[in-house]
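Asks: Sharing a structure with you now.
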Amino acid sequence: MADTLEFNEIYQEVKGSMNDGRLRLSRQGVIFKNSKTGKVDNIQASELAEGVWRRVALGHGLKLLTKNGHVYKYDGFRESEFDKLSDFFKAHYCLELAEKDLCVKGWNWGTVRFGGQLLSFDIGEQPVFEIPLSNVSQCTTGKNEVTLEFHQNDDAEVSLMEVRFYVPPTQEDGVDPVEAFAQNVLSKADVIQATGDAICIFRELQCLTPRGRYDIRIYPTFLHLHGKTFDYKIPYTTVLRLFLLPHKDQRQMFFVISLDPPIKQGQTRYHFLILLFSKDEDISLTLNMNEEEVEKRFEGRLTKNMSGSLYEMVSRVMKALVNRKITVPGNFQGHSGAQCITCSYKASSGLLYPLERGFIYVHKPPVHIRFDEISFVNFARGTTTTRSFDFEIETKQGTQYTFSSIEREEYGKLFDFVNAKKLNIKNRGLKEGMKQSYDEYADSDEDQHDAYLERMKEEGKIREENANDSSDGSGEETDSSFNPGEEDDDVAEEFDSNASASSSSGDGDSDRDDKKPAKKAKIVKDRKPRKKQPESKKGKDPNAPKRPMSAYMLWLNASREKIKSDHPGISITDLSKKAGELWKAMSKEKKEEWDRKAEDARRDYEKAMKEYSVGSKADSHRGEKLKKKKKKQEKQVKGKGDKKGATSKSSSSKSPAKGMSDSFKSKEFVSSDESSSAESKKEDSEDEGAASPPPSSEDSASGSD
């Protein structure tokens, strides 16, 4: 028999919600690692008292009871795994895995049994439901009634808030069954009561989340934050991790406490408690315990009288009471020598700390990402400036975190750190090029062509050249270099138009220039002449056969509806990604089937194209004949028009020359614009004469008179 058993996608019931993770059974005991929080539950084999197998909503479940009264529930097993688990429990834990089914009669009258930290409501010998007493936040009594209130669970979609039990009166004297019931509940319930004196008190500590100044009272089992407006009681069992992080200015320290479940303030949830300390602030601390109690409880980790920096004292006391290690930054060192990177997350600026097993961002909002939950990281180009870049992290659950506005000098250090931790880098880039220019760094994978990147490169080069030109020419330009004519020519060239300023507009501009200071010449960069487009672009014939689809597209059209039904509500982009994954995972035999269909479609297309090309040639031959015939008719009409235009010209020569003297100008006064316009008018008149119908006999007679 194997020494270990491992199960993936197992769910642990914690305070009404099911947290998925991995379960491992070995000779030494049972280990469960929560996928969401990374928290590890370790049950030693010697502590196991009972194992129960039963049918639950998610298949089959395993309930483990320990000798000290703790209960652990794991769901998500298959029915076929019972024999394997039963044999393993017998061989390594010397326990019989008992099968017990829940009662589903629906009765609400039964017997309550208290076993360890569990309240069980039974009908006969079968349990109906069980309540972990650690979930109880309050217990109140009535005449014949006991009410249990529970801690609210933010992760559960539906939370149980209250249960009421009717306790019938008994004939026994001196024993109140309601009070006995309540005492059994309160002895194991997670009801925080500040009884006795605090071990020590830290006054007026600066807290970033929740924001404000708080007195921290340290009790044996919980932490009490007392502020001017709000009070929080935090059990040490809810503390997941402790972090001690140096600020970038090297004068302050962050002390971060990770909480699960979080503390609440109205509808706001605080998963992290962040304290900010100055390194220069010292304190002398005396614990409210005698030396023997301190030695017995903390085993040398704390002493009755201590002194030192305030942040050291707080972290030392918390470490001893919570019994967890304090995480500090590893060997990462940024460009400026600090152990963190300045960046922005969402709308706020903060600090990103690369740790030995994850990343933590402080402070608004705080984010902690473990390496084992990261799917990949990505170095992205900055959206607003080329002097910074974005660092993106996507988790295996699909959550994406984008840390933006990171100075590009940090790229090399961060890339080396991520590479050393063997994280999957989606877009590696060229880290050597980061030292010289931004666009070298931002390159994507070599086997992919990024059109957007190429365009951004070109735009970046143009911006740099323009900036260099303007900086070089700013000291040499003078007012005398202003030339309106050249500027107009540049503008005309830029917009591909032949418009030119008239002499009158030029005179008006010169008058204005006498009053206003001259403008600097506008530098317009010479542009390459555009390629002339063909006069007539052949449009696509709607009657032409459509190109055949590839094997992948044929498969996608056939499988699209099935993918949509398997993943309701999937977006178009996600559907394309999913289809690509399915096609990649498809066997070679199935792909060959679609390749054959694509080949058949290609043959049909070639056959249709041959038929289409034969028909189009015949049509074009007919079209050429019609064009030749039309041109011949146009020439005949034009020849007749020229003859009639000559007769009209001779009649116009006999008209008086008075109008000519008014509009006459010598050759030197005729501007190029006017001459060109006159020529164009002459051509228009000739065209009109050619196109006009032949005059009647009456019109010709009046003209000769």
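Even glycines carry a Cβ here, placed using N, Cα and C.
Dumping what TrEMBL says about this protein:
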- 545-613: DNA-binding region (DNA_BIND)
- 474-496: compositional bias 'Acidic residues' (COMPBIAS)
- 497-507: compositional bias 'Low complexity' (COMPBIAS)
- 517-531: compositional bias 'Basic residues' (COMPBIAS)
- 532-544: compositional bias 'Basic and acidic residues' (COMPBIAS)
- 624-633: compositional bias 'Basic residues' (COMPBIAS)
- 634-645: compositional bias 'Basic and acidic residues' (COMPBIAS)
- 647-663: compositional bias 'Low complexity' (COMPBIAS)
- 545-613: domain 'HMG box' (DOMAIN)
- 459-551: region 'Disordered' (REGION)
- 610-705: region 'Disordered' (REGION)
Asks: Give the residue counts of the compositional bias 'Basic residues' (624-633) per reduced DSSP state, in the order helix, strand, coil.
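Replies: Output for the compositional bias 'Basic residues' (624-633) reads 10 helix, 0 strand, 0 coil.
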Asks: Taking the DNA-binding region (545-613) alone, what is its mean pLDDT?
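Replies: Computed over the DNA-binding region (545-613), the mean pLDDT is 87 on the 0 to 100 scale.
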Asks: For the domain 'HMG box' (545-613), what does DSSP give as the number of helix, strand and coil residues?
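Replies: With helix first, then strand, then coil, the domain 'HMG box' (545-613) has 56 helix, 0 strand, 13 coil.
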